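Feature list (source: TrEMBL):
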- 43-294: domain 'G-protein coupled receptors family 1 profile' (DOMAIN)
- 26-49: transmembrane segment (TRANSMEM)
- 61-89: transmembrane segment (TRANSMEM)
- 101-122: transmembrane segment (TRANSMEM)
- 142-165: transmembrane segment (TRANSMEM)
- 213-231: transmembrane segment (TRANSMEM)
- 243-263: transmembrane segment (TRANSMEM)
- 275-296: transmembrane segment (TRANSMEM)
Amino acid sequence: MADNNHSHFQHPYFVLTGIPGLEQKYYWIAFPLGAIYVIALFGNGVIISTIKSESSLHIPMYYFLCMLALADMGLTLCTLPSMLGIFWFNYKSIAFDSCLVQMYFIHTFSAIESGVLVAMAFDRVVAIWNPLRYGTIITNGVVCRAGAVILTRAVCVVFPVPFLIKRLPFYHSNILSHSFCLHQDVMRLACASTRINSLYGLIAVIFTKGSDSLSILLSYVFILRAVMAIASGEGRLKALNTCVSHICAVLIFYVPLIGLSVIHRFGKHLSPLTHVLMANAYLLVPPVLNPVVYTVKTKEMRKKIIQIFVQTKITAEG
């Protein structure tokens with residue numbers, strides 16, 4: 001009878017968790033956290049504006065980079081309100097529906113970023129495997145269609161997740177483990193069977209991150225075969241050097257993702273601090289490091305950004 005009465009009660013909000021054990025130091029954590037968000041937004045914004053303003057960068061490779069920067073900005077903006085709310089204002093509550101919206105966009109932008117990394121891998125395969133036909137294979141139309149497919153897949157795959165969560169009752173604990181809403185974290189608080197949610201979540205991950213990681217791996221098998229067929233050692237090194245930025249972006253995205261997934265599945269005995277740090281790394285590290293990697297490793301991008309800063313400085317002084 002008690003359970004039946006509880007089934008009519010639903011928590012109107014969830015309580016987010018910052019960093020366990022460091023609550024007294026949130027004031028000091030807030031400043032580097034704010035700097036991280038500024039770097040992420042500024043870095044990706046510079047990449048997008050540079051590609052948009054410079055006609056010499058209007059080629060498929062940089063269009064894909066622009067998509068990656070947009071996905072990183074989306075991830076950053078999804079977590080910014082709740083993260084800064086906790087560490088700047090000690091505001092930990094998030095409305096139930098707001099939590100579902102945040103969860104949807106976090107997982108959607110994550111799926112978009114994964115899809116863009118696959119598209120960039122295919123771009124590198126064509127550039128190295130068949131460079132003479134690169135311009136006829138990877139056209140602007142192909143880039144637009146690839147972007148549309150990546151966006152549609154992410155939106156459609158993640159769309160059922162909030163509705164599957166909303167049907168569940170939550171009348172015991174409403175304290176989440178992270179500073180933002182993730183599907184696995186919200187699902188564990190439900191007071192009913194979550195078998196359907198777990199099954200769909202697994203299918204969604206396999207269909208997006210699983211198939212994407214396999215596609216990227218196969219792409220680099222083709223790339224290595226093509227590189228090994230190049231006669232000169234200098235040519236091989238030059239070909240591989242064009243993939244360094246993409247390899248770094250893949251590692252930056254997938255290593256924290258795999259670590260977070262493993263911890264959620266098998267690390268229940270670990271301290272809450274470990275869970276929090278891995279989740280924060282999963283969502284904060286790629287938006288911060290991707291602009292740095294592509295600016296440092298891509299000569300054209302680095303040159304254009306330096307030119308823009310010099311011109312801006314001259315204009316300001318004038």
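Positions of Cβ are set from backbone N, Cα and C atoms, glycine also.
Note: TrEMBL annotation is automatic and uncurated.
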Counting Cβ pairs under 8 Å that sit 6 or more residues apart, are there three or more between the transmembrane segment (243-263) and the transmembrane segment (101-122)?
yes
Per the Cβ under 8 Å criterion, with at least 6 residues separating them from its ends, the transmembrane segment (275-296) contacts 17-20, 36, 39-40, 43-44, 46-47, 65, 68-69, 72-73, 75-76, 78-79, 106, 110, 113, 177-180, 182, 245, 248-249, 252-253, 256-257, 259-260, 263-264, 267, 302, 305
Long-range CB partners for the transmembrane segment (101-122) (under 8 A, at least six residues beyond its ends), listed in sequence order, are 61, 64-65, 67-68, 71-72, 74-75, 78-79, 82, 94, 146-147, 149-151, 153-155, 157-159, 161-162, 165, 180-183, 186, 204, 208-209, 212-213, 215-216, 219-220, 246, 249-250, 253, 257, 283, 286
